[in-house]
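The annotation domain 'Thiazole synthase ThiG' is assigned in TrEMBL to 4-249. What TrEMBL records for 96 is active site, schiff-base intermediate with DXP. Annotated 1-deoxy-D-xylulose 5-phosphate binding site per TrEMBL: 157, 184, 185, 206, 207, in sequence order.
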Ligand SMILES: CC(=O)[C@@H](O)[C@H](O)COP(=O)(O)O
């Protein structure tokens, strides 16, 4: 059972709430996924004259824990301000911290991320930083007070799956005690299974479910895939070998005259 900032959860799937075809599909996808944590963008939902209030009310009604996020923030002060708004709207110290550094790749500005993480942890926030798979940046984030890390496996919305498995495995090996959530870039249930087999504690995804032909069925497929990956990790998998190993015993060979 993973623990994030002292909160135990059963489900290892965290779900985004953007881009669903309808609020009804979103609610049903959340239910089918059995997730206990959803992430909500303060900026996206309150921007452009949209009625953020009604959306936030609907999210509160889902009966799951909310992890507000700073998606769409491109600078430290904007991210910090958005985090403070989120704390008021959702009455939580949790914040998924995004400081975007590039419009095309939506990759994190890791320098700004570390700075914003330091400011926010200093103000009592419990920060879930959306970061790259860079080990040194991960170390800096832990030094800045982050007790959970969220490395990407590919750019947001790309559905590309784990692009750099060895970097993800290295982060896992380097931080055995830090809860690690793969965030962004998962496209298929098999991608989620793969990163869970690396030993990650959980997966956060949005586009692969919201953009699926049937988001509700896909939410359920992801829940099963994540559980299977974790079960396999805990069961102890074989390492791949170059040479064959007979899978049937050779004792008592048949003798052909
Ligand atoms: C919803 C959210 O927080 C996204 O910014 C997140 O990073 C998920 O990425 P995908 O949409 O690629 O799953």
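From the backbone N, Cα and C atoms, a Cβ is placed for every residue, glycine too.
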Would you mind ranking the binding-site residues 157, 185 by how many other Cβ atoms sit within 10 Å of each Cβ and giving me the lowest? 157
Mind checking which of 206, 207 has the fewest other CB atoms within 10 A of its CB? They're the binding-site residues. 207
Cβ neighbours within the same chain of residue 184 (1-deoxy-D-xylulose 5-phosphate binding site) - under 8 Å, at least six residues apart: 130, 152, 153, 154, 155, 156, 157, 204, 205
Other than 157, 184, 185, 206, 207 themselves, what residues in this chain have Cβ atoms within 8 Å of the centroid of the 1-deoxy-D-xylulose 5-phosphate site's Cβ atoms? 16, 154, 155, 156, 158, 159, 186, 205, 208
Once DSSP output is merged into helix, strand and coil, residue 157 (1-deoxy-D-xylulose 5-phosphate binding site) belongs to coil
To the nearest whole angstrom, what is the C-alpha distance linking residue 207 (1-deoxy-D-xylulose 5-phosphate binding site) and the residue listed as 'active site, schiff-base intermediate with DXP'? 17
Let me make sure I understand the span of the 1-deoxy-D-xylulose 5-phosphate site: among 157, 184, 185, 206, 207, what is the greatest distance between any two Cα atoms, in Å? 9
